[in-house]
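Visitor: Here it is: the structure, laid out below.
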Amino acid sequence: MSVEVDKHRNTLQYHKKNPYSPLFSPISTYRCYPRVLNNPSESRRSASFSGIYKKRTNTSRFNYLNDRRVLSMEESMKDGSDRASKAGFIGGIRETLWNSGKYLWHTFVKNEPRNFDGSEVEASGNSDVESRSSGSRSSDVPYGLRENYSSDTRKHKFDTSTWALPNKRRRIESEGVGTPSTSPISSLASQKSNCDSDNSITFSRDPFGWNKWKTSAIGSNSENNTSDQKNSYDRRQYGTAFIRKKKVAKQNINNTKLVSRAQSEEVTYLRQIFNGEYKVPKILKEERERQLKLMDMDKEKDTGLKKSIIDLTEKIKTILIENNKNRLQTRNENDDDLVFVKEKKISSLERKHKDYLNQKLKFDRSILEFEKDFKRYNEILNERKKIQEDLKKKKEQLAKKKLVPELNEKDDDQVQKALASRENTQLMNRDNIEITVRDFKTLAPRRWLNDTIIEFFMKYIEKSTPNTVAFNSFFYTNLSERGYQGVRRWMKRKKTQIDKLDKIFTPINLNQSHWALGIIDLKKKTIGYVDSLSNGPNAMSFAILTDLQKYVMEESKHTIGEDFDLIHLDCPQQPNGYDCGIYVCMNTLYGSADAPLDFDYKDAIRMRRFIAHLILTDALK
């Protein structure tokens with residue numbers, strides 16, 4: 001019995017003492033294999049124990065059995081440990097004993113490996129037979145090993161084309177018997193050289209390598225590739241290896257035969273251009289020459305036309321230059337404006353007499369001009385005197401005629417009865433203005449006027465004065481809150497246009513506690529603000545004036561209003577806090593009559609009775 005069998009028995013005795021200790025090293029070893037050439041699209045590889053490829057060596061049958069023993073024991077122990085985790089501790093022991101019994105049976109009773117038909121496997125068989133037998137053992141499990149499930153594959157597989165890991169091989173050999181084993185250093189060096197040769201990257205000055213291509217038909221599987229592939233995968237080792245899955249190459253959709261790169265016209269065309277060997281075909285050359293000839297003929301025609309045009313322009317230029325020269329010569333010959341035909345000598349006396357006459361004429365002319373200027377000045381003075389006299393007459397008439405008349409006893413009694421009435425009856429309803437007894441009682445002494453009474457008086461001023469418009473108190477409220485869009489239809493309701501008016505009156509309610517007045521004088525181009533409680537212009541009055549100016553500009557479509565003056569008009573100041581509405585009505589009355597605002601407090605008292613009389617007599621008829 002050889003030394004290998006003794007070593008094997010010692011290991012079995014050790015495992016009888018400790019049946020859970022493995023017969024193989026727990027360290028996984030890897031080996032670098034070149035890429036599969038016939039299936040370049042596959043990049044993932046599977047790891048399994050049943051698909052290990054071992055290198056075939058011409059050793060004795062003990063070497064074969066020892067390798068087989070290590071392989072089967074490795075898979076059986078792993079299978080036993082996996083089942084123990086599922087079936088329990090006792091089931092694991094049972095599976096381990098069963099597998100170890102099978103292992104002993106195949107080791108000592110069936111000493112030689114056999115095929116499925118019972119024939120012995122020759123030691124010098126080729127790699128293809130052995131690879132098929134190893135594949136059949138992994139699938140049919142003749143030695144009682146567990147099947148190789150697809151779930152045993154790793155989730156994250158390694159790509160051996162980029163990883164070169166050392167190969168660790170162990171053999172149970174007799175001393176001095178069998179083939180000499182190579183040292184691990186030399187095997188590693190050879191593996192590294194093989195991997196480097198397969199995965200080497202070379203750089204060339206020619207980036208495409210047109211002249212070095214050796215191509216074949218795409219999709220063809222050569223015999224050399226398959227033979228090299230089989231030899232590379234027939235190396236068996238114990239441990240874990242990454243295997244490329246064998247997949248059928250995807251065929252083209254239409255099953256058309258692909259043309260090699262060397263035979264394609266595009267590649268040959270690019271190669272010729274890159275190497276400078278490309279020549280234009282004769283057809284293209286002839287067509288190009290023909291097109292160039294046609295272009296030359298067209299150019300000749302164009303040049304003939306251009307020459308004729310240039311000649312004509314040059315002739316015209318020469319003619320014009322000659323004409324100009326002739327004109328200049330004639331002008332130089334007869335350039336004098338005055339031509340002396342005859343000369344006459346004048347004596348000194350005659351010369352002095354002429355000078356005297358000239359001076360006399362100048363003096364006479366100056367006298368005439370002065371007389372004309374004096375007459376104009378007298379006319380201006382006379383016109384000025386007439387204007388002053390007219391103004392004096394108007395003032396006298398206004399002084400004699402009061403704008404706020406006094407009522408007779410009958411009218412005064414009628415107003416007093418209406419103020420004393422306790423029924424809230426309707427006194428007037430005209431032009432969308434309805435006045436009741438409650439509104440009428442605001443005209444009593446020491447009372448604030450409401451917006452209905454002020455609207456009535458504005459309507460009275462509008463009807464009694466031509467080319468005048470007087471809005472109600474809501475006009476400026478909408479203008480200040482909504483801008484021009486809030487009042488753009490108010491002038492249309494009056495059925496007139498702003499450029500045909502003389503004056504516009506707008507009563508202004510300030511914080512619902514005070515009344516003021518805005519006067520737009522379109523003839524004088526002024527916008528005035530009148531307030532009976534203000535001592536002068538302020539920020540609020542300026543804001544009101546600018547709003548009214550913007551309204552005039554928008555209403556007239558920017559034809560007028562830009563050059564209007566914003567002024568603060570002086571008016572009599574109210575001595576109390578309840579006559580602001582009456583003062584607004586009085587300012588409107590005096591402004592519509594172009595009278596100066598010089599009324600007094602007594603006129604304000606009479607103004608209440610006058611407005612009441614207008615309401616009772618229905619002055620809006």
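Cβ atoms here come from the backbone N, Cα and C positions, even for glycine.
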Visitor: Would you mind telling me which one of S21, S183 Swiss-Prot calls phosphoserine?
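Guide: Looking at Swiss-Prot, the phosphoserine feature maps to S21.
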Visitor: Looking at S50, S72, S264, which residue has the phosphoserine feature per Swiss-Prot?
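Guide: Comparing S50, S72, S264 with the record, Swiss-Prot tags S264 as phosphoserine.
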Visitor: Can you tell which of T179, T465 Swiss-Prot marks as phosphothreonine?
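Guide: So the answer, going by Swiss-Prot, is T179.
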Visitor: If Swiss-Prot is the reference, give me the range from 116-150, 326-360 marked as region 'Disordered'.
Guide: 116-150
Visitor: Determine the Cβ neighbour count for C580 (active site): the number of other Cβ atoms within 10 Å of its Cβ.
Guide: 21
Visitor: With H, G and I counted as helix, E and B as strand and the rest as coil, say where DSSP puts H514 (active site).
Guide: strand
Visitor: I need the CA-to-CA distance for C580 (active site) versus D531 (active site), whole Å please.
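Guide: Counting only the Cα atoms, the answer is 8 Å.
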Visitor: Could you tell me the mean pLDDT the prediction assigns to the region 'Protease' (432-621)?
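Guide: Per the prediction, mean pLDDT sits at 91 for the region 'Protease' (432-621).
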Visitor: Measure from the Cβ of D531 (active site) and count the other Cβ atoms within 10 Å, all protein chains considered.
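Guide: So the number of other Cβ atoms within 10 Å of D531 (active site) is 28.
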Visitor: Would you mind reading off the Cα separation of D531 (active site) from H514 (active site), to the nearest angstrom?
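Guide: Between the alpha carbons of D531 (active site) and H514 (active site) there are 9 Å.
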Visitor: Output, ordered by sequence, the same-chain residues six or more apart from H514 (active site) with a CB under 8 Å from its CB, or 'none'.
Guide: L533, C580
